[in-house]
Amino acid sequence: MASGEGILTDGQWKKLEIATHNSGSLSSSPKSHTLFADLNIKSPTGGKGPVAGIPNRHVRRTHSGKHIRVKKEGAGGKGTWGKLLDTDDGDSCIDKNDPNYDSGEDAYDGLVDSPVSDPLNDYKKSVVSIIDEYFSTGDVKVAASDLRELGSSEYHPYFTKRLVSMAMDRHDKEKEMASVLLSALYADVILPDQIRDGFIRLLRSVDDLAVDILDAVNVLALFIARAIVDEILPPVFLVRSKKILPESCKGFQVIVTAEKSYLSAPHHAELVEKKWGGSTHTTVEETKKKISEILKEYVENGDTYEACRCIRELGVSFFHHEVVKRALVLAMDSPTAESLVLKLLKETAEEGLISSSQMVKGFFRVAESLDDLALDIPSAKKLFDSIVPKAISGGWLDDSFKITSDQDGEKSSQDGKLRQYKKDTVNIIQEYFLSDDIPELIRSLQDLGAPEYNPVFLKRLITLALDRKNREKEMASVLLSALHMELFSTEDFINGFIMLLESAEDTALDIMDASNELALFLARAVIDDVLAPLNLEDISTKLPPKSTGTETVRSARSLISARHAGERLLRSWGGGTGWIVEDAKDKISKLLEEYETGGVTSEACQCIRDLGMPFFNHEVVKKALVMAMEKQNDRLLNLLEECFGEGLITTNQMTKGFGRVNDSLDDLSLDIPNAKEKFELYASHAMDNGWILPEFGISATQ
């Protein structure tokens with residue numbers, strides 16, 4: 001190959017070196033071609049062949065005959081405009097010595113290319129890695145530790161959703177592992193509410209999941225059933241989910257499948273736990289059984305070291321609260337074992353085998369179940385109260401437990417009579433929901449002989465109804481009307497509702513729409529004359545200003561003040577036997593017309609009874625009085641007398657009916673000229689026979 005030295009002169013070589021060194025500072029204008037013009041480069045071949053040292057494909061000749069070097073990127077070069085928005089130096093920076101320097105540009109320096117961090121995005125990426133690693137290793141402790149270190153606990157519902165959705169598309173082994181991990185993380189790493197929120201999100205997205213997972217409905221139903229069996233979801237989750245999901249969506253199908261296919265079968269817990277083969281992990285029930293065996297063996301031989309070793313080998317540090325709970329129950333059930341059990345718990349705490357949080361959690365679980373334990377161990381509460389101070393003084397139970405338990409103790413009466421009353425009333429209410437027999441319920445309450453606890457009964461009645469269907473809610477409202485007439489005072493109702501509203505926030509944890517439902521109960525009580533509108537003011541003054549209870553009372557007032565509030569509230573839960581108000585009015589009119597034309601009194605009374613709406617009997621009174629005026633037939637008063645004598649229509653309902661007629665006398669007089677004279681005659685007769693309250697005469701006169 002020929003040398004380039006024979007082509008260029010020494011002066012030309014020097015100019016070429018200078019040009020190469022300063023190429024970055026040259027203008028990219030098409031007029032800046034003077035360099036190569038100055039070099040005076042000519043082809044020795046007359047422009048017909050390549051020159052040695054200058055590759056042919058990088059040299060082109062312009063129409064003027066000048067050579068121009070072209071960039072390999074194809075975007076021009078010296079003597080061209082170059083790329084759009086092209087810069088000479090990718091690493092260029094702002095020069096403060098430049099005459100055109102603008103200090104404002106510094107503010108943007110380094111910001112243009114800086115990435116924007118999204119915490120949720122980062123969390124999602126990290127969570128997928130944690131789950132994948134867990135499915136590979138099966139190490140619950142590492143997964144729990146990684147999730148705890150990740151922070152961002154507010155995003156944990158997403159972890160629940162992601163874990164289950166990833167497991168749904170894998171083998172049974174991963175499904176079992178996912179269930180085990182959720183049980184491990186429950187309460188310690190992920191809060192119960194976050195577990196519930198995660199499953200709610202899954203239910204709402206199951207339509208999308210079903211596109212990729214054909215049996216998504218069945219698999220998710222099994223996950224929910226397993227969560228309920230493992231006690232990380234409450235059974236009421238099914239009822240609450242149905243209320244917020246449309247019946248047409250697959251999420252609703254999931255709930256129905258879980259309820260009917262998995263949780264209603266005999267021995268469903270065992271079946272659900274073995275559905276995925278149990279993987280390499282033991283189920284919750286098996287773990288509980290092993291814990292019981294360890295404690296039983298320990299009580300027999302007293303070997304603390306061996307018992308600690310066995311507990312450690314279980315490998316369920318997240319479930320140690322169950323060890324604490326079962327140990328305490330064993331100590332209460334067998335007083336001779338108490339000292340050994342306390343010794344074991346102290347040893348596990350000092351060794352760090354059972355953490356402080358697990359110890360407190362175990363004690364809390366026992367405290368919450370004392371009422372049930374008392375059925376088998378009568379002195380359970382007394383024994384438990386004696387164990388707590390020993391544990392705290394021994395240094396293996398945190399002092400915070402005593403403070404909390406004392407506060408709980410203030411809320412729940414120490415009186416054994418009250419505890420027994422609560423148990424008895426639950427049975428009475430449940431029987432009423434099955435039989436719909438109000439007289440029998442009233443007799444049962446009278447047999448209990450504890451009128452001072454009437455507010456407690458009211459609270460328990462509505463609390464149980466809140467977690468049931470509309471039928472039971474309507475039955476509860478009807479019962480309130482009956483109790484107001486027969487057994488309870490207005491003060492009982494006020495105190496009962498205050499108790500309900502004080503605990504409204506706690507109730508809302510289990511019943512999602514509790515506040516709205518309580519507002520309906522309050523408003524319905526006013527419509528049924530169980531409470532007066534002024535009573536709502538009395539209730540409100542006894543509640544904290546910005547509490548959930550106060551908001552509920554405000555909602556009740558809004559419901560009452562709405563147009564046609566009476567009819568709407570009477571229909572809110574179906575109106576007793578399911579009739580709407582207009583149907584009931586039509587039935588009443590027909591039975592009164594039939595009676596007026598020669599019907600039998602006993603038959604008319606039976607028809608009124610069959611309506612099943614004692615809270616609406618004031619409508620019977622009103623229509624009977626108006627019909628008597630229109631027909632000029634006082635025979636209808638005989639029916640009212642018979643109804644009052646049988647207790648079918650109470651004094652309150654009778655008074656309310658007369659009051660409604662009194663309020664509409666001006667309108668009635670347009671069609672019935674002697675309406676006022678007739679009404680005064682009927683009212684006088686009612687007063688003489690004790691049908692209506694004495695106060696009615698004063699208000700009617702006014």
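A Cβ is built for glycine as well, from the same backbone N, Cα and C atoms used for every other residue.
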Out of 39-66, 403-430, which range is noted as region 'Disordered' by Swiss-Prot? 39-66
Using Swiss-Prot as the reference, determine which range in 338-345, 458-465, 474-481, 522-529 is annotated motif 'Nuclear localization signal 2'. 458-465
Tell me which of 73-80, 97-104, 273-280 corresponds to the motif 'Nuclear localization signal 1' entry in Swiss-Prot. 273-280
Report, as numbers and ranges, every residue of the chain located at least six residues beyond the motif 'Nuclear localization signal 2' (458-465) whose Cβ falls under 8 Å of a Cβ in that stretch; write 'none' if there are none. 422, 425-426, 429-430, 433, 472-473, 475-476, 479-480, 483, 488, 492-493, 496-497, 499-500, 503, 507, 518, 521
Could you name the stretch, out of 122-243, 286-407, 583-702, with the greatest number of CB pairs under 8 A to the domain 'MI 3' (420-541)? 583-702
DSSP helix/strand/coil residue counts for the domain 'MI 2' (286-407): 103 helix, 0 strand, 19 coil
